[in-house]
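S.K.: What follows is a structure written as structure tokens; I'll ask about it next.
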Amino acid sequence: MGESTAGGRHGGTLILLRHGESQGNADGLFTGVLDVPITERGREEAAHAARLLDAAGLRPAKWFSSPLQRVTATVEVLQEALGASAADVTVVEDWRLAERNYGALTNRTKAEVRAEFGEERFRFWRRSLHGRPPALDDVQWAELFPAGGIQPPLLVGRTESLADVVVRVAPVYLDEIVPALASGADVLVVAHGNSLRALCAILDDLDEREIEDLNLPTGYPLVYNSDERGVPVPRSGRYLDADAATAAARKVAAEGGT
């Protein structure tokens, strides 16, 4: 939490956490805004993340999350493991923190897409800042998101590049997260690989190559200190379990990236 020291007042601590493993992760899918459940392993990852936060003495009071169930389930596990009641924390669900919409690649396996389109196109769509997959047509949209189920809002479009995700995530960062940090509150953001990559691109001022190479593993808290304005110190992020997180990130990279 923010405090006054000889070096001046600091803002709160920012914690970024990718949800625990989802069924889409386990199946090697382009999941995107498809609302898949968390796996048992994902629940274990969330519980481990809670233990890491507790050991570090971090008890964030302000939480921001995606509304997709793999994130909300992660949040529930965290709350239970930390003993955090509604009186202790404020949880704000925001569609702007949802996963990137992979368009017509949604619900297809990475291996299938790589085999059909080749490594260069696969990597462009998967990892680059501006690669935008083919859009979902009306028939595909209706099949993936039937009436009565969760319906992604217009802001995620029919397909997105990572740059599109940066545009929708930026206002959450500037208008919600930074002011909370400036107040001295510790802030936890539980979201997805690409919405968190977008946040890192903003707060670390990453160039396109750095963005392309950034992989965020599921279930490992990434922690930033902030200054008195609530602005996280660029490139200061550290994993609470650095060795395990680095190994997990390498595994994500080997599978085709976040």
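The backbone N, Cα and C atoms fix where each Cβ goes, glycine too.
The following feature annotations were taken from TrEMBL:
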ACT_SITE  His19  active site, tele-phosphohistidine intermediate
ACT_SITE  Glu99  active site, proton donor/acceptor
BINDING   18-25, 31-32, Arg70, 99-102, Lys110, 126-127, 193-194  substrate binding site
SITE      His192  site 'Transition state stabilizer'
S.K.: Would you please pick out, from the recorded positions Glu21, Glu99, the one with the fewest other Cβ atoms within 10 Å of its Cβ?
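M.R.: If we count Cβ atoms within 10 Å for the recorded positions Glu21, Glu99, the smallest count is at Glu21.
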S.K.: His19, His192: which of these recorded positions has the highest Cβ count within 10 Å of its own Cβ?
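M.R.: Per the Cβ count within 10 Å, the most buried is His19.
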S.K.: Sort the recorded positions His19, Glu99, His192 by C-alpha distance from Gly32 (substrate binding site) and give me just the closest.
M.R.: Glu99
S.K.: Reported as an integer number of Å, what is the Cα distance between Arg100 (substrate binding site) and His19 (active site, tele-phosphohistidine intermediate)?
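M.R.: Computed Cα spacing between Arg100 (substrate binding site) and His19 (active site, tele-phosphohistidine intermediate) is 14 Å.
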S.K.: Go through the recorded positions Glu21, His192, Gly193 and tell me which ones have a CA within 10 A of the CA of the residue listed as 'active site, proton donor/acceptor'.
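M.R.: Matched recorded positions: His192, Gly193, sequence order.
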S.K.: Relative to the Cα of His19 (active site, tele-phosphohistidine intermediate), which of the recorded positions Lys110, His192, Gly193 has the closest Cα?
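M.R.: The smallest Cα gap between His19 (active site, tele-phosphohistidine intermediate) and any of the recorded positions is with His192.
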S.K.: Measure from the Cα of His192 (site 'Transition state stabilizer') to the Cα of every one of the binding-site residues Arg18, Glu21, Gly24, then give the nearest.
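M.R.: For His192 (site 'Transition state stabilizer'), the closest Cα among Arg18, Glu21, Gly24 is found at Arg18.
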S.K.: Considering the binding-site residues Arg18, Arg100, Lys110, which residue's Cβ sits among the greatest number of other Cβ atoms within 10 Å?
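M.R.: Sorting the candidates by Cβ neighbours within 10 Å, the top entry is Arg18.
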S.K.: Could you say whether, by DSSP, Gly24 (substrate binding site) belongs to a helix, a strand or a coil region?
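M.R.: Looking at the DSSP assignment, Gly24 (substrate binding site) belongs to a helix.
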S.K.: Using DSSP and collapsing to three states, where does Arg18 (substrate binding site) fall: helix, strand or coil?
M.R.: strand
